[in-house]
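Asker: Quick paste of what TrEMBL says about this protein:
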{"type": "DOMAIN", "residues": "40-139", "note": "domain 'Pirin N-terminal'"}
{"type": "BINDING", "residues": "77, 79, 121, 123", "note": "Fe cation binding site"}
{"type": "DOMAIN", "residues": "191-294", "note": "domain 'Pirin C-terminal'"}
{"type": "REGION", "residues": "317-340", "note": "region 'Disordered'"}
């Protein structure tokens, strides 16, 4: 999924320090463009918190009836320095990318794209999809891995019972379950489902910070560091700082579905603009120029060293998509600089 805001956050250059308290982040609505645009709820990055471990972006959408709100149709667009994690609850999305991948994203199946030095892809909901419901997350690659060659993979992990919960770990390791997904920093992601009034205690890593996105219902969260329970409602993202060894989830009167993400604090400053993750203003400028030159044929040749970043293995950038690639927004008139 692309960040389709015409004026994306100018700067997200940070090394957010984790805290031990449980805090709540409210989503902001972002339309994906067009007169009947799918609208997503974005909780990362947000004011006061731009990362949870290496997780740097979280869009949550649906359940949206396609006939009323419009389908997903995201033209070819670029990424650098990150991994995209696609996770669906309902519907199907067709994925095509510049390394030749062609896959259908289905509920409960992880689709993981590693952009590395550069990749481009398109995302379109399938004709048979009547309801779209899911999440798209990004993981910032560490300095040692962010220039690696791009790749794509898909995995299905099993569901297990932990207390009253159904647990499906799709990134990293949790409660004795290990996912097959390729990761380049210490990470975890899982779906947790609870029946009304159900409870589950999960062992967690004290060196990790965690995020809890509530997709449905209301859940109480208690960490091993705090006897008090924090209530989190639908669409909110809770942040849990480092240091705890268990997290206990208790459902309210309705069924609960949540995504649990976490990881060791990245410990690196990064700069996010549009769909690029870099480290400096100059890198972002070069990535944008390379995309505009390769995909749209504007602005002259791509900067030295960025040739074929986004079109390396296929002629052109449409990858079977009916329509042109997505142009990059204009850069801000001021230099991208650290904040926060």
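Cβ coordinates are placed from backbone N, Cα and C, and glycine is handled just like the others.
TrEMBL labels come from automatic prediction, so no person has curated them.
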Asker: Take the domain 'Pirin N-terminal' (40-139) and count its residues per DSSP category (helix H/G/I, strand E/B, coil), listing them in that order.
Answerer: 4 helix, 68 strand, 28 coil
Asker: Averaged over the domain 'Pirin C-terminal' (191-294), what pLDDT does the prediction give?
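Answerer: A mean pLDDT of 96 is what the model gives the domain 'Pirin C-terminal' (191-294).
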Asker: Counting other Cβ atoms within 10 Å of each Cβ, which of the binding-site residues 77, 79 scores lowest?
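Answerer: So among 77, 79, the binding-site residues given, the one with the fewest Cβ atoms within 10 Å is 77.
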Asker: Using DSSP, tally how many residues of the domain 'Pirin C-terminal' (191-294) sit in helix, strand and coil.
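Answerer: Within the domain 'Pirin C-terminal' (191-294) the tally stands at 14 helix, 52 strand, 38 coil.
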